[in-house]
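According to Swiss-Prot, the protein has these features:
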LIPID     GLY2  N-myristoyl glycine
TRANSMEM  13-33  transmembrane segment
TOPO_DOM  34-696  topological domain 'Lumenal'
COILED    35-244  coiled coil
REGION    38-107  region 'Golgi targeting'
REGION    80-175  region 'Endosome targeting'
REGION    122-145  region 'Disordered'
COMPBIAS  123-145  compositional bias 'Basic and acidic residues'
REGION    176-248  region 'Golgi targeting'
REGION    244-391  region 'Disordered'
CARBOHYD  ASN257  N-linked glycosylation site
COMPBIAS  271-281  compositional bias 'Basic and acidic residues'
COMPBIAS  298-313  compositional bias 'Basic and acidic residues'
COMPBIAS  324-343  compositional bias 'Basic and acidic residues'
COMPBIAS  355-364  compositional bias 'Basic and acidic residues'
COMPBIAS  370-380  compositional bias 'Basic and acidic residues'
REGION    427-696  region 'Disordered'
COMPBIAS  436-453  compositional bias 'Low complexity'
COMPBIAS  464-476  compositional bias 'Basic and acidic residues'
COMPBIAS  505-545  compositional bias 'Basic and acidic residues'
COMPBIAS  627-638  compositional bias 'Basic and acidic residues'
COMPBIAS  661-672  compositional bias 'Basic and acidic residues'
Amino acid sequence: MGNGMCSRKQKRIFQTLLLLTVVFGFLYGAMLYYELQTQLRKAEAVALKYQQHQESLSAQLQVVYEHRSRLEKSLQKERLEHKKAKEDFLVYKLEAQETLNKGRQDSNSRYSALNVQHQMLKSQHEELKKQHSDLEEEHRKQGEDFSRTFNDHKQKYLQLQQEKEQELSKLKETVYNLREENRQLRKAHQDIHTQLQDVKQQHKNLLSEHEQLVVTLEDHKSALAAAQTQVAEYKQLKDTLNRIPSLRKPDPAEQQNVTQVAHSPQGYNTAREKPTREVQEVSRNNDVWQNHEAVPGRAEDTKLYAPTHKEAEFQAPPEPIQQEVERREPEEHQVEEEHRKALEEEEMEQVGQAEHLEEEHDPSPEEQDREWKEQHEQREAANLLEGHARAEVYPSAKPMIKFQSPYEEQLEQQRLAVQQVEEAQQLREHQEALHQQRLQGHLLRQQEQQQQQVAREMALQRQAELEEGRPQHQEQLRQQAHYDAMDNDIVQGAEDQGIQGEEGAYERDNQHQDEAEGDPGNRHEPREQGPREADPESEADRAAVEDINPADDPNNQGEDEFEEAEQVREENLPDENEEQKQSNQKQENTEVEEHLVMAGNPDQQEDNVDEQYQEEAEEEVQEDLTEEKKRELEHNAEETYGENDENTDDKNNDGEEQEVRDDNRPKGREEHYEEEEEEEEDGAAVAEKSHRRAEM
């Protein structure tokens, strides 16, 4: 049994081992097959790569062979072209040698001709050198003469300038003194005007108070008449009571009527006093009024309640009531006098406050008139309210009148005080707003004036630049024409024309001087006609250059044309002077008409006086600006004077005719320098007048 069991176990083990070996063998075979397959695939891929590489190499070899064949063909073509080019070059070389030989022969012939011409020009140059030396000597002599005359004129100019500066300083002092006097007079006039307005307002207030007092007196009279009628009725009732002995003891209703009759004057007076206290705002008078009215009221109460206790007193006559009424009249007069005093004190306080506000804010007369009108309207409104209060308090002469307590009166007074403070604050704010508006307007005007001044200065600078550029251009043209004349060998004709030009320029300068001396109306030309009149010296220089330069040109043969142009210009001068005179006459006529209109309307005169007070500062600013303009113009005149002198020195090198012209021009300018200053001053005065007229 044991062996059988062992054999079985060994079989099983053997079987399992066999199975394992089979399995492992199968797995090993599979792995070998897989590796062989992979190696086969790699070998196929390598074979494909080599095959493709071989194909590409064969294609490249074919391309190389084709390119080689093409290069061989192109090389053959280039060899043929090179042979042709070599043959053409040999032909061109022969032709070039022939042309060079011809050019050398031509240049030699030209050189010989130019050499001959050069010798001729040398001889001409030597002749011109001699003429130039002669002209230099003449120029030196004339330069010495010119320097002497220039120094003399400069000394005269400095002397005249010093004299004019002294005169101008004196005139400035006189103008300053006159302005100070004018300011003082205007201040005095303004103070008197304000005082007059205050007095007028006080007079109006007093008239209104007088009317109010008349109304109160009439009301008191009507109340007294009503009281007298009630007293008469009371007498009749008393007589009837005395006649009927059974009605000695009065009814309570009659007793109430009696007390109402007794208290009616007191209630009426208190009600009458209430609106006056609301308008006048005087607290102390209320206490006085109540003190005056309290004692008679108590006496009447005691005397009127007495008949209820004793019948004998009803038989007495009503004399105590009349005595009380008579006593009350002087007390009412005293109260009215106290009211008047209080009103006067309040008016004085208001006047003092107004003066204080005027000193702080310094309002204009127009603002004061506006404030007074507003105050007058407020007072009229208060009077209307008072009239409505009267109508509401006692619409008829009834005995029952509502009495106002002291607490309510105090509240009413506080309310009125707050209202007055608010109104005063509103007035101050309104005044400040008006003052700021005026300041803004003044600043805007100053800015506009500055902008206008800058624009004028820019225009003057542009004009000066143009005037400086024109003479240089003309001088260049003149020099070019002079050299052309020298090239054309017409030196002798140029000298003759230069002499004629000198004579014509001298005559024209004399004519200009005669016209300037014989035409004094041109001094008063307005300054604001255009930017050209702002710089008269530069304009005169430009006119002289335009008139003289074309005639001085040595190549210019048209003397007749220049003479005709001068005649036309001289004929046009009287027409321009007539137009200027007509414009001045029109301005004077407009000023006379405005003066007449202002004289015929007194309200307009007062308004103009107020506007003059406001325009003082603007006029001072304008005068300062005009003075600065004058200084700038004088400085520009001096600079242009020096530049013109330098230009004359440069122009003397061109010929004798230019020296004569440059000598005459500064002389004429120095002679007319005073006239130009007067024209500038007159123009500034006319500009100020026109500006004032525009503002008016």
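Every residue number used here counts from 1 along the chain in the order it is shown.
From the backbone N, Cα and C atoms, a Cβ is placed for every residue, glycine too.
Secondary structure by DSSP for the compositional bias 'Low complexity' (436-453): 18 helix, 0 strand, 0 coil. Note on the region 'Endosome targeting' (80-175): DSSP counts are 96 helix, 0 strand, 0 coil.
Across the region 'Golgi targeting' (176-248), DSSP helix (H, G, I), strand (E, B) and coil residues number 71 helix, 0 strand, 2 coil.
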